[in-house]
Protein chains: 2
Amino acid sequence: MRHYWTDKPPSARRVGVGETAAEYGEFRLIERISRLFAGTDRVLLGQGDDAAVLAVPDGRVVACTDMLVEGNHFRTDWSSGADVGHKAAAANLADVAAMGARATGLMVALSLTPETDVEWVVELAEGIASESDSTGAAVIGGDTTRGSQLTVAVTALGDLEGRDPVTRRGARVGDVLAYAGRLGWSSAGLAVLHRGFRSPGALVGAYRRPQPPYAAGPVAAAMGATAMIDVSDGLLSDVGHLAESSNVSIDIDASALTISDAMARAAEALGADPLQWVLAGGEDHALVATFPADVILPADWTPIGNVAEGRGVTVDGHRWQGGSGWDHFDRSGG
Amino acid sequence: MRHYWTDKPPSARRVGVGETAAEYGEFRLIERISRLFAGTDRVLLGQGDDAAVLAVPDGRVVACTDMLVEGNHFRTDWSSGADVGHKAAAANLADVAAMGARATGLMVALSLTPETDVEWVVELAEGIASESDSTGAAVIGGDTTRGSQLTVAVTALGDLEGRDPVTRRGARVGDVLAYAGRLGWSSAGLAVLHRGFRSPGALVGAYRRPQPPYAAGPVAAAMGATAMIDVSDGLLSDVGHLAESSNVSIDIDASALTISDAMARAAEALGADPLQWVLAGGEDHALVATFPADVILPADWTPIGNVAEGRGVTVDGHRWQGGSGWDHFDRSGG
């Protein structure tokens, strides 16, 4: 593993108060961060060598990676270092859960600017460690380097514990669509922040620190889920991926979706449609899965739709007229 | 897996000619890149789902990650997209080899600017695919996002095939130090480029596309190597890590180090000391390892020193007076 920290400072703004990464020095920073990451019995060799070694008794490893960039995925005036760490870990841990697997290891590559506040980075590492600990996964390695933009790349590894992976392509006609977790909370929180508000705290908190239902993934796999995905782009968009990959159509029953009181109040204050947040808001990392109709759903799963022949996703039998999720730059090839 | 490509273009310079990432669109780009990545029999589930699934019959997975940032680790006027892809893959594949493992899977997270030339990105992916193919590893997943600085984060996974991992801390008094691969070539090539030259081609090529001796890692492990590391920061610096982790001293015999003709000529032309490149130049990703004195070294390993009691690294019994490797910003905590 190589830790670059060369001597040419790119221009970048200061992200906080206190000592900067350049003043503090790379090795001290790595040493300080490393102490935050505890091992587990899966970690056969942790940080500090060329690579880490993780036990995967199943004989298959689940792996995914996700990159967050300042200004695009987070703003340091809206989220603390700990919030960003939490969120970066959660995005990857949820991807592992969406395969029906349990996360066991995380790796973190960081690009810092010379002006990055050291305490912000330490908080980021604490956020990653804390969210990762909550799922039983360990941070097993990483890399720090310097750039002109704060960038966090997280890789998560997971174990299927003998189960088959639940992909996006197994939904069958007649299956029930269900979800676990939250829908629209993060998106509502972001809308609140965009308007310059800081409350309701539940929504802003959901944007800052999503709470994916990690345990619901392996449970769904064990109960016979036929397809699963985590809602990172928005319910319609991600259910659309399930439908397309499985070559089926999926209809969502709007009356089965919950609008929380906080969301209803925020929507009224902002003149927004809360259903739009629930249907098209991403980043809560809810899990959505299809199950055979005769499966009794686990307690944390709520049925919200049905799988039929055809293509695409409908709401109460009709195409949704709002947006379907994140505005991508160009969807022409999607 | 989430592919962000939101609609706020950060300012960034154009890196090449032709269609830009913003014009081309994220989904088309991902689709085009994905086609370059072939599977292997280890890939149970490849790209296009929330996570990939890789077979690790050994029951342990080796994992490392490395981030390359434009302007810090590469310049688009000195290296093509394919060169950068090759180099990003090589840095990680060499880390896996340095554990005595065989690489099986790579994941790639990319941050592109809206102005990034699409052909450059396709070449980058081709470089990664080609270098990864050469070791038998497959690209199993990734993420693309947008930022203001081209950034490539690669994660490599590998298999120990039943062997113990070779760490940095097993060197014992009386062991022989040996290396496989090249030393100083990349550094000499970089010095040539810094002076505005493009030849000797062998050195510039070594800077652009290092050729780590991947197979030598598992061979060394099988032959009983007691400690191993890849030379990414420089021979003295990385042997220093071995010595420190193993709590021994290591003496290097300068007469055992090879100065290639190209390097001697370049050194003369630039007024440089070629031994400085060999001792302190990184990025060739040679492997350096310690072996018990009675081991007959494999053909591609050259003995260059000895392990004794004490601390630190010496050259012919003395502290080297030149630099020991990369100039880090601050070594006070190292």
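Each residue, glycine too, has its Cβ placed from N, Cα and C.
Among the candidates B:Asp164, B:Asp175, B:Asp230, B:Asp233, the one that TrEMBL lists alongside B:Asp50, B:Asp95 as binding Mg(2+) 3 is B:Asp230. Cα to Cα, B:Thr65 (Mg(2+) 1 binding site) and B:Asp233 (Mg(2+) 5 binding site) are separated by 16 Å.
Here the domain 'PurM-like C-terminal' (B:172-270) is broken down by DSSP into helix, strand and coil counts: 50 helix, 14 strand, 35 coil. In three-state terms derived from DSSP, B:Asp95 (Mg(2+) 2 binding site) belongs to a helical segment. If you draw a 10 Å sphere around the CB of B:Gly142 (ATP binding site), it holds 27 other CB atoms from the protein chains shown.
Ranking the binding-site residues B:Asp66, B:Asp95, B:Asp143, B:Asp233 by the distance of their Cα atoms from the Cα of B:Arg168 (ATP binding site) places B:Asp95 first. For the binding-site residues B:Asp66, B:Asp95, B:Asp143, a Cα to Cα distance of within 10 angstroms from B:Ser232 (ATP binding site) holds for B:Asp95.
The record assigns B:Gly142, B:Asp143, B:Arg168, B:Ser232 to the ATP site; their largest pairwise CA distance measures 32 Å.
Counting residue by residue with DSSP, the domain 'PurM-like N-terminal' (B:48-158) contains 35 helix, 45 strand, 31 coil.
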